[in-house]
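Chemist: The annotation compositional bias 'Acidic residues' is assigned in TrEMBL to 297-306. The domain 'CCHC-type' annotation in TrEMBL covers 66-79. Sequence annotations record features per position, and here TrEMBL assigns region 'Disordered' to 295-333.
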Amino acid sequence: MDNQESDGINPNMPSFIAQAPWYIKGESGSLNHQKSQKSKLKSTIDTWYSKGTTSNISKKFQKGACANCGAPSHSAKDCVERPRKVGAKYSNRDFRPEENIQKIDLDYDGKRDRWNGYQPDMYKKVIEEYEQIETEKKKRKIENTEEPINDPESAEINDEAKNQTYAYSEMVNNVDPRTKTITSNNRVRDDTACYLWNLDHTNANYDGKSRSMNELEVGKGNDSEEDQMYRDSWMKISGDMVPMIEQEEYVQKLYERGHDLHPLANPSQSELAYKWYKEESKKRITKKKKKLLDLYGDQDEYSEEEALGKDSKNQNENGTSEIEESQPKNDKT
């Protein structure tokens, strides 16, 4: 048995491959049923769906058409027009044209084309919009720059405005196209950098190469504030920082004494305990102060006689006190 191409069939080929199935009509034996069939003609990469409707408008209602608008390309369920009071099926007038429905079988490249169906004319609208924005920016810039040149007061105001805008400048992002990261400058320029506080070159401890502050050695004449560069540690000990440190110290002492309390594990309980301690200490101080006032009185200023312990009862008629009389007198001889 030879095939249609007059090639000899391998005798070792199984019968279920060599024999054609019953549904293939063919008197002569062949192996064409084992070969790949010719691919169907598919649409190229340039073809795309045409939008809109056709010019075919029916004059009579067709069976299976939309009962609302009368278009034969869709049913009444898929109709997107406003529902009519009397549909086209019953009024038999005002039929809508048929939608342009296409079945495009794209090839391999057409299915995977990212720009398939894109019209370059659509991008012209975007370009026109940006051109309008740029022209408007140029107009406003020209209006802002048209100021009197010979006015010294306006020049001073402009300099002050420039300095003010520079002082309160926001974060600056430096974009380098060669790198994937963005280097950001987070320092707001309303504060002076710490290495500019002391510009004495003999005692400066800022290393420009490593961009870091060198630590000062204690005990070598660098202990005073005048000799050393000021740190920014004083900024940290402000506001609620001092009470927070006192609270942590108090809770730490309680924890060391065996109380089940920790400033990190139980912050709310620690705060309540410290608050109760402060209130109780204030009560104790006021109670002690009241007791002392009851004993010694509330007189802040004393007379000279009371301060020296002198009294009219302790004075003699000669005007000398008992203490002066009790002292031994030295003989003049």
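Placement of Cβ uses the backbone N, Cα and C atoms for every residue, glycine included.
Keep in mind that TrEMBL annotations are predicted by a computer and have not been checked by a curator.
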Chemist: On the 0 to 100 pLDDT scale, where does the domain 'CCHC-type' (66-79) sit on average?
Modeler: 90
Chemist: Would you mind splitting the domain 'CCHC-type' (66-79) into helix, strand and coil residue counts from DSSP?
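Modeler: Across the domain 'CCHC-type' (66-79), DSSP assigns the residues as follows: 0 helix, 0 strand, 14 coil.
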